[in-house]
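Engineer: Straight from TrEMBL, here's the annotation block:
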- 1-154: region 'Disordered' (REGION)
- 27-48: compositional bias 'Polar residues' (COMPBIAS)
- 73-83: compositional bias 'Polar residues' (COMPBIAS)
- 118-129: compositional bias 'Basic and acidic residues' (COMPBIAS)
- 272: active site, nucleophile (ACT_SITE)
- 500: active site, proton donor/acceptor (ACT_SITE)
């Protein structure tokens with residue numbers, strides 16, 4: 001069914017997208033004189049279109065090892081990236097698709113009027129409601145259906161020689177919260193940031209074995225990030241059936257890579273956790289992060305991580321409770337790993353027991369699939385966060401003026417109005433401060449990139465491939481958009497590096513202090529955070545998620561001061577490095593939230609491209 005939007009015509013699928021950082025199928029179009037390649041692609045070209053030039057890419061089929069394993073849709077889009085639609089200076093031609101043969105290297109497209117890029121000048125709220133789909137053409141919901149990576153094989157440019165660290169870089173050891181390096185930034189904004197190749201390098205220890213928990217993998221690329229290709233790696237994933245088979249096929253050239261499949265017993269759940277367990281000759285380290293194990297996630301996106309200290313091995317015959325931290329991180333990590341009920345993780349559980357994790361000053365906040373009652377309701381999801389805020393923070397004078405801030409890269413279905421979940425149980429969690437009976441209603445600011453944010457980003461429209469808010473979901477919750485704020489990160493140099501990081505925090509009225517800060521894999525969704533059921537007597541969680549919570553009390557502070565200039569990083573103590581600018585910037589009247597499955601063909605992005613989802 002075709003419908004009009006301010007960006008042209010779009011087609012509704014009968015499937016219903018929920019959260020997850022699913023990466024959408026798309027085609028990008030180049031209007032310049034050449035197709036971008038690894039050696040020639042400019043990371044931030046002028047958006048002014050050149051005269052139309054027909055681009056005929058070589059019809060090469062990417063090998064399976066170069067593709068991020070997810071759904072059939074993700075792989076199809078990566079293969080079919082080679083048939084672009086160019087930006088035209090004539091609005092009536094913008095987004096016009098060409099009919100090509102349907103095979104593994106081209107798109108099967110119609111040349112009917114439904115495919116043009118005509119603009120009707122309507123806002124999202126003007127879009128007609130979704131009509132019942134034709135039962136003859138209805139596509140069933142597919143649990144593993146995820147939009148794929150929009151990046152073709154020739155998208156990337158090589159990083160400069162000095163991009164990776166040759167010696168231990170200056171790092172903020174107080175909070176151990178780091179951003180990923182971003183290709184194309186001024187050098188000072190990568191000073192104190194980390195790339196996966198830095199993390200796995202001998203600078204941080206002599207690696208013996210590792211575990212990679214994640215959602216999306218490119219095994220061949222991941223293996224190249226290790227200093228040696230023969231150290232055992234265990235992959236913990238949630239793929240099933242065909243997706244699992246493709247993942248295993250990717251690893252065939254690498255006998256040192258093994259797999260552990262996470263159990264996903266509740267429909268539409270995902271294994272979304274992103275964590276590294278690193279076992280060294282010198283000890284053990286945990287890294288909890290927001291990046292998938294694909295190159296796109298470590299290229300020109302804003303990402304973040306908590307990197308633990310190097311945990312030393314405990315003396316033999318140490319008691320079972322030895323090596324615990326004041327935040328009970330060791331106990332909680334072992335409990336999280338035990339929730340997988342996976343024999344492949346047993347040796348790692350034993351290794352963690354043998355190490356001293358007492359230096360840890362963050363709290364673990366995880367989600368695991370299940371329906372929980374009684375005290376178990378507070379083990380996972382947002383009720384776990386609520387419990388920690390209740391027990392380890394204190395009321396603040398004037399806290400009703402301390403806004404709650406949520407920042408994320410994907411949005412699930414929130415319900416018909418804010419009371420259904422967001423302004424009900426979830427806001428009650430985010431506004432908890434100690435054991436006060438006061439339940440203030442402070443401002444809530446939600447950061448999610450606008451269309452203009454994406455269009456003017458380093459990646460251009462393909463950055464929207466990692467921001468999978470669907471038109472089907474957005475139309476059902478127009479009330480949510482009044483909460484939205486733009487992505488703006490001048491202080492970290494990342495205003496044009498679209499966020500895949502997820503952070504939540506409570507800030508003072510003047511935004512100079514934080515009552516707490518959380519970095520996590522969890523997007524804004526009930527699947528990730530859980531939702532109360534059965535008159536609030538049961539908590540249902542669909543997905544695996546993991547994050548770390550920073551509380552001032554664990555650092556001997558009353559609040560965290562915000563570091564207004566976090567780059568370049570210095571060895572001296574400074575405030576907390578919030579990854580974006582405070583206060584947040586509200587949407588203008590012209591701003592719309594980025595929606596991945598409608599076309600944007602009226603203005604080119606920074607590479608002269610338009611966005612036409614399949």
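Cβ atoms here come from the backbone N, Cα and C positions, even for glycine.
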Engineer: Give me the CA-CA distance between residue 500 (active site, proton donor/acceptor) and the residue listed as 'active site, nucleophile', in Å, as a whole number.
Structural biologist: 13
Engineer: By a simple count, how many Cβ atoms lie within 10 Å of the Cβ of the residue listed as 'active site, nucleophile', its own Cβ left out?
Structural biologist: 29
Engineer: Residue 500 (active site, proton donor/acceptor) has how many other Cβ neighbours within 10 Å of its own Cβ?
Structural biologist: 24
